[in-house]
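Undergrad: Dropping a structure here in structure tokens format, bear with me for questions.
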Amino acid sequence: QEEGEAALTEAELEQRVEIFLSETETLWMLDLPPALVSTEAEEAARVVERNKVYAEICKAKIGSEYFEEKMVQTISGAAKTKEVQCETITMAEKGMMVTSWDLDNSLKASETEPAETEEPRAPQGKSSKSPPAEEQGQDVAAPSARGNIGHFCPGAVPARSHQEKESHSEEILASASLQQDLVVMERILMENIFQPKLAAYRQIPVLIEPPVTPYTKKEEAEEEEDEEEKKDEEKEEERPLSDPKESPAEGAGASLEQLWKYRCDLTSGHSVSSMAWNKVNPDLLAVGYREFVSQDQKKGLACCWSLKNPMWPERIFHCEHGVTAVDFSLASPNLLAVGMADGCVAVYDVRSRGGAVLLDSSASLNKHKGPVWQLRWVEQDRGATGGDRKERLMCISGDGRMTQWFIQQRLDCSDVVKLKRTESGKKILPGERERKSEAPISQQAAGMCFDFHPEDTDIFLAGTEEGHIHCCCCSGKEQILGTYRGHKGPVYKVAWNPCSTDTFLSCSADWSILLWHRDCHTPLLTFTSVTAFVHDIQWAPKSAFIFAAVSERKVEIWDLRVSIFQPVLSCAACPEGNLSSILFARNAPCLLLGDSSGQVGVWQLHNLAVPSPDQVWPGLIP
């Protein structure tokens, strides 16, 4: 014991002393927080909610035009001090005389010769050729300007070649994202341009943005009252044309108003041969085009038009020969059947953007030898739905054959009916000898058109070039059930009435339209108002009385309730070409007219009362 330190007494030594041991403060040398949180932790619910909010923010930014996805590296390396020794980068300024022909020569040289890093030497007596100004990084002067052009050229940065820039720009133009963005932009522009016409087609009011001007409260109230009165007047004027309860105004006759035209540079000079709506999408229209120059058929087109863009088709299918018939499938709405002037039948998939043919009959031994004037997908079992629905592709050709096509690995067909020429049916007068007629060159009668019965898919009508209409049956021993004689020229179109299924119409090159009954082999009515070929006819979709017909220079609307002698509407064709085909819109009171100049006009019908489909013809049916 040191001196000065008091000695402990016995009582102090026996006293109990408590000593507590504790840890020192923890010194954190490295702290890496975990990226995962246990589901049993207290903050687990808060982390899950935060992740949901972040996922929604990312999902919302994908469609934004200000969002751009990029990859970055966020790990920052440790700072290091590094010393190097190098030569000083020198900056040089150069100047030269540049003329317009120097610029032109240098641009041509950059397109033909590979880019070089060193500047070529100029030959004696000629001005030196320099790389393009945009590659050197200098400002481009006007072609006619002369003078010194100065620039700084760091030697460490190589210039990009002209070929690299062109390839990079081609990659951008061919990218799928740019194509999709252009489609969206195109849709927006078309909607802005055709919004009033499309609204009239859809039978919805046209949206007009009012001008923004400061108003007082009194003026605002008066403006609102005027707008309500205008809306009431527009509602009264914009009544649906197909409502049977509404009647047209007194003294107001039927009229046509053109909304727009389906046309582009590709279809110019071609003639519209046929049109068909898609069975599922009523806004998609298929149009077939053919071209005749000095009676020689050239290449044809099959285009799919959409209401979203009346100025350019959605799909374009180039065909080796003129297209004479088109039709969409109902079981597979993406399949488009196309008939051609050389007798070939092709099937395209409209979902494909390449335009390649899916199936072709060019390799078939049973293919048609004449033009396929009409084809149609016909349902075999109309009661089936969905995948159980079966179809058959039927065609009629100028070689006198009605065929059924089988879609397997390749297209092949079998004959349903062979149309043969029939005798004229002239009665021999008493005392007159029967003349021996010369044998025809071909025993086959060229088929021009056909139409299947709306209720019985085994019964169909077939029009021939000699002017006869045959009622045929697909099943049974007797294929031809009867023949209707009344036309003096080729029958261009036959059409069953969609509401009164025992009657049908036919049009011919003899300038006439005939109304027939199934049980009567003589026409009930004859409609003749123009001295020209009647190329096409069609019944209104929901009417037993109204039909439309087109000749070369006129379109006519007939309403048999009003008159059986004169059409209720007759309009002249556009001066660009002759009318060739007609088609009613499925979901609007509109009419589509195709002409020989490659245009398909969409016309709206006004003041035409459509009757109920339950009404029948009094006194016309025997």
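Just so you know, glycine gets a Cβ as well, placed from its N, Cα and C.
Checked TrEMBL, it gives:
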COMPBIAS  161-171  compositional bias 'Basic and acidic residues'
COMPBIAS  221-236  compositional bias 'Acidic residues'
COMPBIAS  237-248  compositional bias 'Basic and acidic residues'
REGION    108-172  region 'Disordered'
REGION    215-252  region 'Disordered'
REPEAT    484-516  repeat 'WD'
REPEAT    527-561  repeat 'WD'
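Help me see these features in their spatial surroundings.
TA: Sorting each residue of the repeat 'WD' (484-516) by its DSSP state yields 0 helix, 18 strand, 15 coil.
For the repeat 'WD' (527-561), the list of distant contacts is 242, 254, 256, 489, 492-493, 495-500, 505-509, 511-515, 567-573, 578-584, 586, 591, 593, 605, 608, 610-611, 613, 615-617, 620: same-chain residues at least six beyond its ends, Cβ to Cβ under 8 Å.
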Undergrad: Averaging the per-residue pLDDT over the repeat 'WD' (484-516), what integer do you get?
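TA: The answer is 91, the mean pLDDT of the model over that range.
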Undergrad: Per DSSP, how many helix, strand and coil residues does the repeat 'WD' (527-561) have?
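TA: Counting residues by DSSP class gives 0 helix, 19 strand, 16 coil.
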